[in-house]
Amino acid sequence: MQPDHILLRLGEITLKGRNRTRFEQQVMTHIRRTLKPYPKIEVTRTFGRIIIRLNNEPYEEIREALKKVFGLSSFSPVVKCAAALEDIQQTSYAIMKSFAEEPATFKVRVKRADKKFPHRTQELLPLIGGYVLSRMPELKVDVHQPQVELTVEIREEGAYLFSEIVQAAKGLPVGSSGTCMLMLSGGIDSPVAGWLAMRRGIQIEAVHFHSYPYTSEKATQKVIDLTRILSAYTDQIKLHLVPFTEIQTGLKQMKKDNLLITLMRRAMFRITEKLAEQQNAAAIVTGENLGQVASQTLSSLQVISKVNTLPVLRPLVTMEKDEIIRLAEKIETYETSILPYEDCCTIFLPKSPSTNPNLRVVEKMEQEMHWLEDEIEKAVSQTEIMVIKSGEHAPVQTSVQTSVQTSIQTRDEEMDALF
Ligand code: ATP
Ligand code: MG
């Protein structure tokens with residue numbers, strides 16, 4: 001049966017004491033923003049519940065959009081009728097008749113929020129159930145494991161009837177926990193890490209390091225696409241595109257291959273910290289995981305993290321790869337992540353990176369690279385910012401495109417020269 005309303009339930013934000021009102025408002029704002037393409041809907045908030053009046057806007061599309069609103073625990077498509085016994089009985093019957101396959105068992109649940117309603121809950125159960133049973137002779141009541149649980153919520157302004165509970169994204173409204181920089185590579189892990197951070201209320205700004213001409217335009221486009229997929233869970237995401245070629249080639253020329261990844265990642269973190277400062281971000285989020293690759297042993301993470309003063313959040317650190325892949329599939333980043341375009345880390349990957357880098361050696365090397373600090377500053381100042389909104393297909397900024405096109409032909413030659 002086509003619903004005319006949707007009843008939304010807020011998740012754990014209802015537990016958050018004095019912050020509750022602020023969180024509720026953030027969820028409301030997010031719902032309104034997400035449902036902007038449906039101008040006829042009306043969203044109201046009463047008694048810790050949010051109700052959407054559909055006014056003929058398409059429920060199926062709105063259902064999918066609502067699944068991307070963090071802070072909602074579940075929702076139900078609802079048929080509203082007058083708060084009068086006869087109307088409730090008829091609507092209950094209409095709902096029970098509307099299933100493609102007629103259910104064998106059911107149960108009625110009544111919530112009598114309007115205490116002035118003339119019938120008490122205990123009277124209502126047989127009045128509603130009996131009415132339906134008398135018209136559907138095959139149907140039986142099963143109070144323990146019914147196929148359909150028909151809920152009737154009676155309020156002053158009307159009765160809300162529903163039989164389905166759709167699980168939503170849960171978590172906290174995006175933005176309620178502040179802003180963090182997400183180091184976004186284009187691989188499978190970092191988009192998932194970003195999504196998990198967003199689910200805990202974090203507004204992310206993505207930071208991507210590219211090494212034109214060694215990495216291709218398509219690799220950047222892939223990161224833009226991933227950012228766009230993530231932006232469906234918030235309003236928009238800023239993507240910082242950091243030119244990393246100079247630093248990476250400079251580090252490569254140090255001819256200390258086993259420490260190259262450690263040095264590169266320390267430089268990436270330094271730059272990300274500087275961008276975080278500019279954007280007032282409170283922490284850095286990465287897709288690092290324990291034990292996946294050489295740079296992700298505990299001792300590597302320790303040496304790499306020494307450059308940071310901000311907290312580094314690693315939502316995936318203890319997860320299994322197949323769990324991460326399942327999440328990537330669920331949030332629809334997987335297909336994009338597995339596209340073959342190479343990331344700057346993969347291209348410069350040495351044969352045997354150290355799994356146990358020595359902090360003193362690394363620091364000494366960095367001190368000898370007198371150019372490093374300047375190049376880091378230059379990378380920060382030459383970072384380009386794109387604002388990515390879900391549904392929009394903004395092109396890569398012209399300045400980047402030009403530099404890609406002119407340099408792409410020489411890519412193979414330069415690669416040869418470097419290795
Ligand atoms: P991912 O699947 O996210 O690429 P990974 O398993 O390949 O991760 P690494 O290559 O060691 O692991 O990268 C670890 C983390 O460092 C990434 O999850 C990401 O947060 C960050 N990172 C790596 N490369 C880049 C890049 N080019 N730009 C921004 N961040 C990066
Ligand atoms: Mg990677």
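Any Cβ shown, glycine's included, is placed from N, Cα and C.
From a predicted model like this one, the values you see are computed outputs, not experimental measurements.
The domain 'THUMP' annotation in TrEMBL covers 60-165. When DSSP labels each residue, the domain 'THUMP' (60-165) comes out as 35 helix, 33 strand, 38 coil, counted as helix, strand and coil in that order.
What TrEMBL records for M183, L184, H208, F209, R265, G287, Q296 is ATP binding site. For L184 (ATP binding site), the number of other Cβ atoms no farther than 10 Å from its own Cβ, over all displayed protein chains, is 27. In the three-state DSSP scheme, L184 (ATP binding site) is classed as coil.
Around H208 (ATP binding site), a 10 Å sphere centred on its CB holds 27 further CB atoms from the protein chains shown. All protein chains included, R265 (ATP binding site) registers 24 other Cβ atoms within 10 Å of its own Cβ.
Within 10 Å of the C-beta of M183 (ATP binding site) there are 24 other C-beta atoms, taking all protein chains into account.
Residues M183, L184, H208, F209, R265, G287, Q296 are listed as the ATP binders, and the farthest two of them sit 19 Å apart at their Cα atoms.
Sorted by the number of other CB atoms within 10 A, the binding-site residues F209, G287, Q296 start with Q296, the lowest.
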